[in-house]
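Undergrad: Would you mind keeping the following structure in view while I ask a few things?
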């Protein structure tokens, strides 16, 4: 079998608040890389403090890609991300740099590196019709409707997961086929790069929980609630009938802040809900990461030496690949 000659890339993965951004910037500066954000919140303009978006100084130090692609009242799909990420990786390689993918959105990683099964594109009119129906009968009734037309998908989708219920019904209404049918079709072509997957995750769950709480407190001190108030004040957001259904507002922390500013509970209760929601997100991320059997796991504090050795060993292949073969 011929050697894999695809350009090399690094994927910095891990649960939220594990230190992915700092490691990605450090690796990019050391090895000559550019960062491709793999985060479903960072694609939205205005989601800065609460999404821990790299600031101007970080972006000046290292080029970042796939930030601020959409306004918060818009939708951005995993298929769009896959196309944009592959374009960004190809451009980075063409400049002689190393793509460093960094983030915590598992579906985006899978879309960019493995491809997605082809399925019907989103139809705004169909989505609006489904949302209007949900206003009348409730999302529970729509989940029951999904169970009748696609029991396989309904078994995987929780009755409160509005976004996935809406997408599954949308696909069926557009194509006449259940989303589970489309998901079994062949995925797209493999990624244009060969990737070293690094997972940053503290060995002690209590350490991660402490980091989550501390980061939220820093965000609050930096003006997170003011940021959400500014989002709420945008005319386009005020025109949305159900803003809590927008992907941007469903981002962890933002939904809880939005509900708090709607008058739901005290500031202390908001903080507790946001911390708990972030812990739950981290748990889901870790569950997904355990399925990445080719990933290498490192504690961000204890395993720095081993992590650096892993990166150096992997990127050492790049020099070998670039050398001309002997005649």
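Keep in mind that glycine also has a Cβ here, set from the backbone N, Cα and C atoms.
Below, the features straight out of Swiss-Prot:
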- 14, 15, 16, 17, 18, 19, 20, 21: ATP binding site (BINDING)
- 16, 17, 18, 19, 20, 21: substrate binding site (BINDING)
- 39-42: region 'Interaction with substrate tRNA' (REGION)
- 163-167: region 'Interaction with substrate tRNA' (REGION)
- 105: site 'Interaction with substrate tRNA' (SITE)
- 127: site 'Interaction with substrate tRNA' (SITE)
Undergrad: Which residues, same chain and not among 14, 15, 16, 17, 18, 19, 20, 21, have a CB within 8 angstroms of the centroid of the CB atoms at the recorded ATP site?
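TA: Apart from the listed residues, the neighbours are 104, 200, 211, 300.
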Undergrad: Hey, of the recorded positions listed (16, 18, 21, 105), which one tops the CB count within 10 A?
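TA: In terms of Cβ crowding, the pick is 18.
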Undergrad: Around the Cβ of residue 19 (ATP binding site), how many other Cβ atoms lie within 10 Å? Please give the count over every shown protein chain.
TA: 16
Undergrad: Looking only at the region 'Interaction with substrate tRNA' (163-167), what is the mean pLDDT?
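TA: The predicted confidence over the region 'Interaction with substrate tRNA' (163-167), as a mean pLDDT, is 91.
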Undergrad: According to DSSP, does residue 127 (site 'Interaction with substrate tRNA') sit in a helix, a strand, or coil?
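TA: Looking at the DSSP assignment, residue 127 (site 'Interaction with substrate tRNA') belongs to a helix.
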Undergrad: Quick check: which same-chain residues outside 16, 17, 18, 19, 20, 21 lie with their CB within 8 A of the centre of the substrate site CB atoms?
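TA: Not counting the recorded site residues, we get 14, 15, 22, 52, 104, 200, 211, 300.
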Undergrad: Within 10 Å of each Cβ, count the other Cβ atoms, then let me know which of the recorded positions 20, 127 comes out lowest.
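TA: 127, out of the recorded positions 20, 127, has the fewest neighbouring Cβ atoms within 10 Å.
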Undergrad: Of 16, 17, 18, 20, 127, which is closest to residue 105 (site 'Interaction with substrate tRNA') if I measure between C-alpha atoms? They're all recorded positions.
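TA: So, of the listed recorded positions, the one sitting closest to residue 105 (site 'Interaction with substrate tRNA') is 16.
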Undergrad: Other than its own, how many Cβ atoms are within 10 Å of the Cβ belonging to residue 15 (ATP binding site)?
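TA: Residue 15 (ATP binding site): 26 neighbouring Cβ atoms within 10 Å.
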